[in-house]
Amino acid sequence: PGHADYIKNMITGAAQMDGAILVVAATDGPMPQTREHILLARQVGVPSLVVFLNKVDLVDDPELMELVELEVRELLTSYEYPADDIPVELGSPLKSLEGDTTDDEAAKQIFELREAMDSDIPEPESDIDNSRLRHLEEVFSISGGGKVVTGGVERGVIQVGEDIDIGGMKDTVKTTCTGVEMFRKILDQGQAGDNVGVLLRGIKREDVERGQVLARPGTITPHRKFKAEVYVLSKEEGGRHTPFFSGYRPQFYFRTTDVTGVITLEEGVEMV
């Protein structure tokens, strides 16, 4: 219930992930939203997955457990994930919390999940050589003036004292980075893969908002119109039950924001 309401936030989070845990209840097997999550992970480029079969304490039949695992692997294969190479761990987080020690079987299963994450989700290679690009998630005012924006550094390096363009959503604004902070530590710079707060000089609250990006001056050009190849979700994947035509106005999700746009179909295409 309410699963669709979280799709926007799921996309925002998944677009920054280097790996993910796909949780499937052993009692139910893959659900419609499981398919949606795998598809979204594939579409936004999450490279590595680990599967965790939850609620195994409620399943007594080993054959049923094997069947659920087989269904999950078939689903992963259908979305071009290397299903045979993806680890499937079993466990019950609730049982692990109810245990008296970390030596309990339920606790060991959680440790095995952690080990699978360490071994099967590679350490990300940060793209620090290209022009910096950073998407904004939040904007804060601080005492003494100035605005702090937070978000992930997608590529490049952002350094204190550098000039910055704030682009997207509205007219590009130029400013200067006067501070970088991560987990309450003051830094000289932030680099690709970091989630940082950046203090901007002379910026008003209305100059910056969630969904914009920080970039090296002159390296980005915002566009309001583009040609794209799209994947349309089927009814079974949680998509539309009816076709759409030219002029359809859906929500477009870009990094940390969503905007309403218009789709114009190619000449000769009546509907999708």
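Just so you know, glycine gets a Cβ as well, placed from its N, Cα and C.
Taken from TrEMBL, the feature domain 'Tr-type G' covers 1-125. Shown for the domain 'Tr-type G' (1-125): DSSP residue counts in helix, strand and coil, namely 69 helix, 15 strand, 41 coil.
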Integer average pLDDT (0 to 100) for the domain 'Tr-type G' (1-125): 83
